[in-house]
Amino acid sequence: MSMEPPVGLTAMPVTKLAMITTLVVPLVASIASYKHIFLLQYDPFLQTYHQYYRLLIFQFCAINESDTVILALIWYLFRHLERLLGSHKYLTLIVLSWAYTTLGIWGLNLIWNAFIGQYKWLQWNNFSTGSLPIVLSLVHFYKEYTPQIYEWNIRLLGPRGGASSHNDNKREDKSAVEWKINDQFLLNGLILLLILNQGFAGILCGFISWMCGIFIDKGLLPGLDHWRIPFVSYFISQGPPTRANVAIAANAATNTAAARATVEAATAATGNGNTGNSGPTSLPLRGSSTTPTNTSSAGDDEPGADEPARPLGVQFLDTFRR
């Protein structure tokens, strides 16, 4: 399997759904002036008003527009995971991450405020907005199962004097700062920006969610190995085949060893039927000549004498290539 995923989201229905949800829900909520229902705080929404439904929906909409754009880019980079796990398992992983991160953040929030948050200045009041918990849970899977393709080094040197000598060069080499950066640098930068945009709540919720991802992968939080979301296989399928998909599938089938073996067997059967003296006459392959060829007199000088009969699909493609 190639390390580089295909361009676009044609074969990535779950990634497409996640990106559309991340972009459309904040837009519709902003137009309808309902963005405030996705804001989650311990006081007053949970402690005073007991609006626990906010725990179920606070990850579906980012309050800040910058977080919305960053989350959409991160979902696009996560298409590696959908290609690796498959659409159905990837969707199950997202749902499990949503459930476990919500329960984990809420439970630790209650414990924190029950013992430490009695003092107002130590109370954990704000939660993260948007799908930051789900994304931080999936970061573990991305780091664990996505190989690094390339890396490069960046050296930062101090200011150089007017006259440099050999000793000065040695001193500069010792004082140089070298950074090693790999191809996951873009994802790391986006994750860092997303966490810093949300302050202390982003750091705390992000760490809890990252730990939830580790526990899901190690099997401490069950569900990923033995359970799949029911009744969604039809909706996450690729849909009706397009002209490009049919052409790619036909070309791949022609190039397989099984297809070549079938063509050779059919060619051999046709040759035996033409040279035999008894028995029924075998029908020629489509595209081959019905006139028997005298191979003994033709010899090897005739071009295409040893060329096997071409299937109909190959002839059809050759017609348009000419």
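Note that Cβ sites are derived from N, Cα and C of the backbone, with glycine treated the same way.
What Swiss-Prot lists as topological domain 'Extracellular' is 1-19, 76-90, 142-189. Positions annotated as transmembrane segment by Swiss-Prot: 20-40, 55-75, 91-111, 121-141, 190-210. Taken from Swiss-Prot, the feature topological domain 'Cytoplasmic' applies to 41-54, 112-120, 211-322. Annotated region 'Disordered' per Swiss-Prot: 269-322, in sequence order. For 287-298, the entry in Swiss-Prot reads compositional bias 'Polar residues'.
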Intrachain residues whose Cβ lies under 8 Å of the transmembrane segment (55-75), provided they are six or more past its termini: 15, 18-19, 21-23, 25-26, 29, 35, 37-40, 46, 98, 101-102, 106, 127-135, 187, 190-191, 193-194, 197-198
Within the predicted model, mean pLDDT of the topological domain 'Cytoplasmic' (41-54): 94
Composition by DSSP (helix, strand, coil) of residues within the topological domain 'Extracellular' (76-90): 13 helix, 0 strand, 2 coil
Cβ-Cβ under 8 Å with the topological domain 'Extracellular' (76-90): same-chain residues at least 6 beyond its ends: 5, 9, 11-15, 18-19, 135, 138, 141-142, 145-146, 186-187, 190, 224, 228-229, 232-233, 236
